[in-house]
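Q: Here it is, the structure, as structure tokens.
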Amino acid sequence: MRAYNFNAGPAAIPLEVLERAQKELVNFNNTGMSVMELSHRSKDYEEVHNRANALLRELLGIPDTYEVLFLQGGASLQFSMIPMNFLQENKTAHYILSGSWSEKALKEAKAFGETRILASSKEENYSRIPTDYSLEDIKDGAYLHITSNNTIFGTQWNEYPTSPIPLIADMSSDILCKEIDVEKFSLIYAGAQKNLGPSGVTVVIVKKDFLETARPNVPTILKYSTHADNNSLYNTPPTFAIYMLSLVLEWVKEQGGVKAIQKVNEEKAGYIYSAIDESEGFYKAHATEDSRSLMNITFTLPNEELTKKFLQEAKERQFIGLAGHRSVGGCRASAYNAVPKESCLALANFMTEFKNKNS
Ligand code: PMP
């Protein structure tokens, strides 16, 4: 029996994908070996690699003016690689702080040059996406960095800023959850372990002309251009993770693409937010209404004791991963693309039942 998996990441992977990987595990494409055992220079692997790239381009509508890269080191390495490559000596990198991950991204940039916090909602415990900032005075900045979805706090950008300088987004926890206009961004990055598959590969989508502005004095393996010039095959890539990514992307396509997935995500999150909103204050959403995330739904219960009881009873019913992050407390349900609608509906029903019994 499969659990109702609400883990924040690594997280649910579509059952169809796992079953296909299982079927192909010991003999991939009649090669007599697993995809893990193929040379990364072989034709069979190259097809997997290029298929993942092509599918991501198709699903997100990524123009030819962008490179799609498969890197390692997680989103956390991107926190450093971005300023290392793009924070020029006489310029400032601007950061909008909307949660702990944006704070971490900023911390790394500080090691490489001038930074500025353009806006922050820290004082409100990151319960909303900051709106009080002006883009007028950042004209000479190196780039503007945002976190599109705040995994811990459960907030998400609805409308991205129209930035006069290159816009960079950490989309680790919401890539492919809804349609986006890639052309608003100079660089998008995302660790795979939420919406794209297992951990081990980080996707980077970067505009070619932005790449050309990169600083030269960067170690080879940490230069985006190294990977762009070698189709992400400069060194051995995480071949199994990229194979899994290709299967997840096939699955997204089979579901009808990102637009169809978005509609399902809205329904899924809708069930859980309704259970919160209709609970007469028993459950309280952490995020303000205009900043609510489709992916990570954060909420609190009236007290510690009820929270513990809720989590215990949830666990007994196979609802896994609902404890909130320690900086928010309470609960968090991560309803990524691969979390079935039925799981969200079952959770919403359980929440209502629990509230009726305990209020
Ligand atoms: N950014 C966001 C928004 C995240 O949710 C996470 C991981 N939870 C990270 C960055 C860090 O990712 P990684 O563990 O892949 O370095």
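Placement of Cβ uses the backbone N, Cα and C atoms for every residue, glycine included.
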Q: Of Gln193, Gln255, Gln262, which one shares the pyridoxal 5'-phosphate site with Ala75, Ser76, Trp101, Thr151, Asp170, Asn235, Thr236 in TrEMBL?
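A: The candidate from Gln193, Gln255, Gln262 that TrEMBL ties to pyridoxal 5'-phosphate along with Ala75, Ser76, Trp101, Thr151, Asp170, Asn235, Thr236 is Gln193.
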Q: Measuring Cα to Cα, how many Å separate Arg41 (L-glutamate binding site) from Gln193 (pyridoxal 5'-phosphate binding site)?
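A: It is 25 Å, counting Cα to Cα.
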Q: Test of understanding: give the count of other CB atoms lying within 10 angstroms of the CB of Ala75 (pyridoxal 5'-phosphate binding site).
A: 24
Q: Once the chains shown are all counted, how many other Cβ atoms turn up within 10 Å of the Cβ of Arg41 (L-glutamate binding site)?
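A: Summing over all protein chains shown, Arg41 (L-glutamate binding site) has 9 other Cβ atoms within 10 Å.
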Q: Helix, strand or coil at Ser76 (pyridoxal 5'-phosphate binding site), per DSSP?
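A: For Ser76 (pyridoxal 5'-phosphate binding site) - judged by DSSP and reduced to three states - the answer is helix.
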Q: Tell me, by DSSP, whether Trp101 (pyridoxal 5'-phosphate binding site) is helix, strand or coil?
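A: Assignment for Trp101 (pyridoxal 5'-phosphate binding site) reads helix.
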Q: Taking the Cβ of Lys194 (N6-(pyridoxal phosphate)lysine) as reference, which residues of that chain separated by at least 6 in sequence fall under 8 Å from it?
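A: Listed in sequence order: Ala8, Gly9, Pro10, Ala11, Thr151, Ser172, Ser173, Asp174, Ile175, Met295, Ser334, Tyr336.
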